[in-house]
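Structure first, commentary second.
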Amino acid sequence: MRPLVLLILDGWGIAPASKGNAIEAAKKPHFDKLWDKYPHTTLDASGKHVGLPADWVGNSEAGHANIGAGRIVKDDMVIISEDIANGRFQKNLALNQTVDFVLKNKSRLHVMGMASDGQSPHSSLEHLYAIVDLATARGVKEVYLHLFSDGRDAPQFNAIKIVGNIAKRVSGKARIVSLIGRFYAMDRGKNWDRTKRAYDCLTGVDSLRFSAPEEAILHAYNKKITDEYLEPAMIAATNRERQETRIHDNDGVIFFNARSDRARQLAKCFVQKAFNKLNPGSFRREAVVRNITFCALTDFGPDLDHILTAYPAAALKETLPFGLENLKQVYIAETEKYAHMTYFINGGSADPVNSEIRVRVPSPIVKSYAQKPEMSVREVTRKTLRFLNEGFNFVAVNFANPDMVGHTGDFAAVVKAIEVVDGCVKEVARAVLKRHGTLIIIGDHGNAEKMLDLKTGEIWTGHTTNPVPFMLVDDSRRGMKICHGELANVAPTIYDILGLKKISNILHKSLIK
């Protein structure tokens, strides 16, 4: 059987050349040659096309879920917002159990998560406000907000406005008691030194202290520190107040992020009894908070002891790996995109399904990927070639650079990242064509094609609504006609090429006419 490789260029969107388009500014002769030579089209990868609210930018979680499902998967953010609108949210069992615990213990409710007014895939202020309203309506007197500033899915210096708006909205109901940049609070790469600083702030062990949120933010801005890197700070006029508003024994905690990948690492610090044993290389917790009720807004995955989940994941059945059960299949990514190439693409299973093999290549440990724009793509490529040599029928691989370096806002670094990726595309294409196989190249959402807001002149670090590429690299199919589609068309196209019967839950059609 001829091999088929699915190569996902994460964050690679299609847009006209412009001052902020790093993809078009880069020298990418190998991608361009393949685009000119082989059948290609574009895919819609944002908004309703991937189960997000209309006109929302795409993201990796939604993108990979739709790629694997072969149908549009409604995002948790949409489901939660619908429940807020119809009143079901206020009756949610897990949320109310957390409030019950706080009322019974006459303790505090801590609500933590990312504060962004952009189209963030991680959180929504609507959800934050609904939690505050639920708690105060039920009589909780002490509601403390621990906010994680964005600077990636929103402009880099937007926290001053966002936090001000939040303070007005929750006035008389809740207080902002800490601010932490997402670099520290939402690490997913096992950079435990970052997570320790966030945890120490939340538990009152150690952090900066300011008397008002605006002071903390302006302190960072004066040092040219963007929202993403805001140093952990408690908001308290006195040390006594600082101790009163930290997370204590017997408190309730609601983590309102809607995505698990950047929430799990911090959540582990609060709920895992065997934290150090389960996380080699982590840190010793100076404050171990006991007898708390910890509620995650969505499913944060396995290994989290006694956690409540407001919206448990409904695992998707019959996704891409299920339909390839009789083939040797492998999914390869570096750490930053490993969850997307495993958990999200296979429909929400933390464990391998059928015969799938999962390969994680460590991402480099740097403060910013602008310092190392090649990331680990060359090693990911070597792994890809190895599994082709070993006779695997289906190889799915993610090149993380356009997205992860795109988020830095460093145009020159993104250009370099694209050029390194282009060289790796050449290697993969050569290996596949040598074996008379098929290489499908796609994006999952846009990012690197927009590094500048042309209207405001500000650096753009977020995702986009632009379409993404779809390329069918196969010498036996050079004259084939393919049509425009959505990410959900990818799985049925793979089944079509491999001559496999499309499983029942794959609702979209092949892109091949």
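Just so you know, glycine gets a Cβ as well, placed from its N, Cα and C.
TrEMBL annotations: computationally assigned, not manually curated.
Between the candidates K37, K48, K337, TrEMBL assigns the substrate site shared with H122, R152, D153, R182, R188, R259, S260, D261, R262 to K337. Among the candidates D10, D100, D410, the residue that TrEMBL names alongside S60, D444, H445 for the Mn(2+) 2 site is D10. Within H463, H484, the residue that TrEMBL lists together with D403, H407 for binding Mn(2+) 1 is H463. Per-residue pLDDT, averaged along the domain 'Metalloenzyme' (3-502), amounts to 96 for this model. Neighbour density at the Cβ, taken as the number of other Cβ atoms within 10 Å, is lowest among the binding-site residues D10, D153, D403, D444 for D153. When the Cα atoms are compared, R188 (substrate binding site) and S60 (Mn(2+) 2 binding site) turn out to be 14 Å apart. All protein chains included, H463 (Mn(2+) 1 binding site) registers 30 other Cβ atoms within 10 Å of its own Cβ.
Using S60 (Mn(2+) 2 binding site) as the reference Cα, a 10 A cut-off selects D403 from the binding-site residues D153, S260, D403. If you draw a 10 Å sphere around the CB of H122 (substrate binding site), it holds 25 other CB atoms from the protein chains shown.
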